[in-house]
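Chemist: Quick one: structure below, then a few questions.
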């Protein structure tokens, strides 16, 4: 069918219109796609830029954190170094810094860095005053405790007299003497009375309310430098710059004639029985005066090499201590012989001395600004007490012997708790302590000596029972069984013996060894005892005394140590030829390796039984896995300079562990598990053996000189608690610089329930 011209035109027009619309739609779509493409390109580009910026920001954040970590690490290490420097000059400041560094390290790193731990450990050994009483700030001339120990008296250059309680609060308002500077002070031991001696030569008696009891009286022609009441409180002795010693009753009347030195009388003291007075003078003479009958010299003066500034009678009445112008302290018997001297001495004159009530300690104050503590033989029993900024004029012990009071030219009175050194006890014996061991519950310490004796101590170092004869030669090895009911000992007399904890021998007889026994160990299952001998042989014994494997040649040199793996019955042995060998319970060799060409002198398993620590003849220590692969490197365990005689791992305590080593270089050292030295070394005396209590808080050492040492151990948490305890009442914690330390103590120390006894 055909279309007419009109129809044909209409159809063609429709098709043309449709095609035009199609093209327009296509063009519109093309433009939209183009626009979208451009937008996508822009968006993708922007997204890429944003992503790159994000990555860069993330990188910068990580870098900033790393830099902050490095900066914190560097600052903490600087602080740790500064702590050790400050301990010898400003111990309170040093302790605050050590506490702050501990808190910062824990907060930033989640642990306490070795350097910070080391500074904290160094601080526990340094004494610091518990309280400071500034008073009116004038130089202090004398201090004294009241007889009941509940109050303190002090005098100052401006004539002020203070009566304070133990918190430093005034019991009565401060009052003044009437004779200028008050030079000397004494409490009457039997009456509520204080005597003061003045620059103008007068003496005054006061009651404890600060009111005069009798009118002041003229006693000397110059300053009254020293006063002392008799033990019965009925007489007062005075010494003066006028070179005289005088005796007075409580009414201020002189008794008998004055006695004379040839120089200023700086100090005097009554004997404990009240029958003698000792006086020391600038004339370098110590004089003893008899108070029975005529007031006169007991014997000719004891001539000293230096001026005597301080004297003190020992409570037993048989010894007199003198403090001298050259800083020395000497101990005299009543016959005038010097029986001992304190060493090391002060650097400047000793101005004051006082014995503790039980006579076990002597305290001295010096022009060198320090206070020092000594035992009866003149050995130092702590580091010097530092804190005063000027010379110390006066020191005194509290009635219970647990505190010391001091007064100095810096205008402060300071109260000190008796410093607790690392050394809790040093028990001297007649012969070297060759072996020590601690019971599994930590309550008994066993030791063997070079003269064949066996000792059992309580955990505080007191004798549990009298020493008993264990062997005919050195008891070189000792060990407890796992439940702590038996003790095994090995000796140079070639015998092995078993004892109960009451010191009674058990009815078990072991065959004699081929040579001297050098080491013993109990198996973890309590069924087997391992021994090593001088000739390199090893043996395994049942606890009934029967040989399991006896006398096999384990080493070519002396067997220095045997030890059981705490998790199984694998045995490690070592010798002075440097080999370490691992054996099964039948004595079959499982593995061996050369640990040190210098020779291995000590060995221990870690508590998990996965590592072995060796101490070597050249003073080095090494940590190994059970395959003999060296874990430590040459930078670990740097410190000892002589044979390492003993090594031991502590049990984990609050998640922390330490290693302790003893050496013939006379030191004990503490290490973390990465071989970093913790704190300063502990000075021993030719240390032979070390052991550590199961709680990880005490170290026991036995030494060639026969001393048993008990030392503080622990970990950073216990050390933090100790340091916080030292300054808990110190004013520095209430200052702005102490606030952070106070917070650290509250968060990390005071909330911890730790047994530090």
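Glycine is treated like the rest: Cβ placed from N, Cα and C.
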Chemist: Under TrEMBL, which of the candidate ranges 32-51, 52-71 is annotated transmembrane segment?
Modeler: 32-51
Chemist: Before we move on, state whether the repeat 'WD' (385-426) and the repeat 'WD' (552-586) share at least 3 Cβ pairs under 8 Å, counting only pairs 6 or more apart in sequence.
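Modeler: Counting Cβ pairs under 8 Å, fewer than 3, so no.
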Chemist: May I ask whether the repeat 'WD' (510-544) has at least three C-beta pairs under 8 Å with the repeat 'WD' (552-586), counting pairs 6 or more apart in sequence?
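Modeler: Contact criterion met.
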